[in-house]
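K.L.:
In case it's useful when we look at the structure, here is the feature table from TrEMBL:
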ACT_SITE  D294  active site, proton donor/acceptor
BINDING   E143, H211, H232  Zn(2+) binding site
BINDING   A154, N235, A236, R243, H272, L328, S329, G330  substrate binding site
DOMAIN    62-401  domain 'Amidohydrolase-related'
Amino acid sequence: MPSNKSVSDAPIVQFTNCRILRDHQLQREDLWVREGKILNPEKLFFDEKGSADVQLDCKDSIIAPGFIDVQINGGFGVDFSLATDDFKSGIDLVSQKILSHGVTSFCPTLVTSPPSVYHQVLPQISVRNGGAHGAGVLGAHLEGPFISKEKKGAHPEHCLRTFEAGAFQDLLATYGSLDCVQIVTLAPEMRRSSEVIRELTKRGICVSLGHSVANLSQAEEAVQHGASFITHLFNAMLPFHHRDPGIVGLLTSDKIPAGRRVFYGMISDGIHTNPAALRIAHRAHPKGLVLVTDAIAGMGLAPGRHTLGQQVVEIDGLNTYIAGTKTLSGSVATMDTCVRHFQEATGCSVETALEAASLHPAQLLGIEHKKGTLNYDSDADFLMLNDSLYVQATYIAGEEVWRQDVSGM
């Protein structure tokens, strides 16, 4: 059957012999792609009388949406919280390297830093599509400096800030610009945080609660003002207590506004969160779980000393500590490792594990109409994986951008 070129001259690629993650199920269907989008084959056949120009045998692979990492501080020697003149080349390097781990979009994350760092770095971050050059940039995640001193974790205390009389203006003066900002993590118990949350939300910026000593009612109030995410649940917040469960209590709160969902990030690296805690969170609120790496510059590098913003960190195996302490400081886990560990620790389905790294972060950022699914007309950012969830190939806009080298195997 000849292709009908009246609609588009672009080639149509048909991926066959695969199981596609669609509507929360792995389905034995073909995947059709044209011009970087996923096609509806029925429209192609009946409206256009078209057919595939290229057929690719996927050899029974799983095809899943590309992973979206909304909290990644760097990797491969690059630290997003260090102001350098060639910052863009650092973003380029990380975005290229994470393709092999299935990440097709990400939010470069800056930990608490002096204003001068934000003023120098943020203008160098621009939202961009992914491609052969690397994963797409969705916008920056600013974790701090408006966080709790008691729960600062690996954030430098001398850079922490509070909201003064002109709260939102304080934030603007600190960051310099919000043009490329996608997420801001702050502590909701801080005075005047409500007006800041409202202003950020009004601008379409996701507000995340973290590095905080907030009680449950303070956390619920923040959600009522627009907050929608929790930064690395259980880490850098008050531990769950049965009389006041703190931020953790948002997972089962009955005070969440109708039609709203609270999402929460989890570092599923086997270090930051005990598998039992991972299971408790997942069973309490499965649709809100978002896997994040919280990866630092040392991801992909040998053990030893590396940086995290203003601090020196030491990597020992999968543990990363602020040098000379036992304070955890981000992770060196890759996203595909987190997905596999999550599935193993919780016993959840393959579909659930994959959606925690794709659909849920897309829903959090309000981009699920184009990312995080394999629905018709969405972006053709997807992965081929084997049954053990190891990435075999990564595609962005329907083009192969990385493939596992099997020549040496």
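Sequential numbering from 1, following the chain as shown.
The backbone N, Cα and C atoms fix where each Cβ goes, and this holds for glycine too.
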K.L.:
Return the maximum Cα to Cα distance in Å (whole number) over the record's substrate-binding residues: A154, N235, A236, R243, H272, L328, S329, G330.
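P.N.:
Roughly 30 Å, rounded to the nearest whole number.
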K.L.:
Give me the CA-CA distance between D294 (active site, proton donor/acceptor) and L328 (substrate binding site), in Å, as a whole number.
P.N.:
11
K.L.:
Give me the CA-CA distance between L328 (substrate binding site) and H211 (Zn(2+) binding site), in Å, as a whole number.
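P.N.:
Cα-Cα, rounded: 13 Å.
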K.L.:
Can you give me the same-chain residues 6 or more apart in sequence from N235 (substrate binding site) with a CB-CB distance under 8 Å?
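P.N.:
N235 (substrate binding site) has long-range Cβ partners G153, I267, H272, T273, L328.
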K.L.:
About how far apart, in whole Å, are the alpha carbons (Cα) of R243 (substrate binding site) and H211 (Zn(2+) binding site)?
P.N.:
21
K.L.:
H232 (Zn(2+) binding site) to A154 (substrate binding site): how many Å between their Cα atoms?
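P.N.:
Taking the Cα atoms only, H232 (Zn(2+) binding site) lies 13 Å from A154 (substrate binding site).
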K.L.:
If you draw a 10 Å sphere on the Cβ of G330 (substrate binding site), how many other Cβ atoms land inside?
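P.N.:
G330 (substrate binding site): 33 neighbouring Cβ atoms within 10 Å.
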K.L.:
Are there residues of the same chain, six or more positions away from H211 (Zn(2+) binding site), whose CB falls under 8 angstroms from its CB, and which are they?
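P.N.:
Result: E143, G144, I147, S148, K151, K152, G153, H155, T185, A187, T231, A236, M237.
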K.L.:
Return the average pLDDT for the domain 'Amidohydrolase-related' (62-401) as a whole number.
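P.N.:
Mean pLDDT across the domain 'Amidohydrolase-related' (62-401) comes out at 96.
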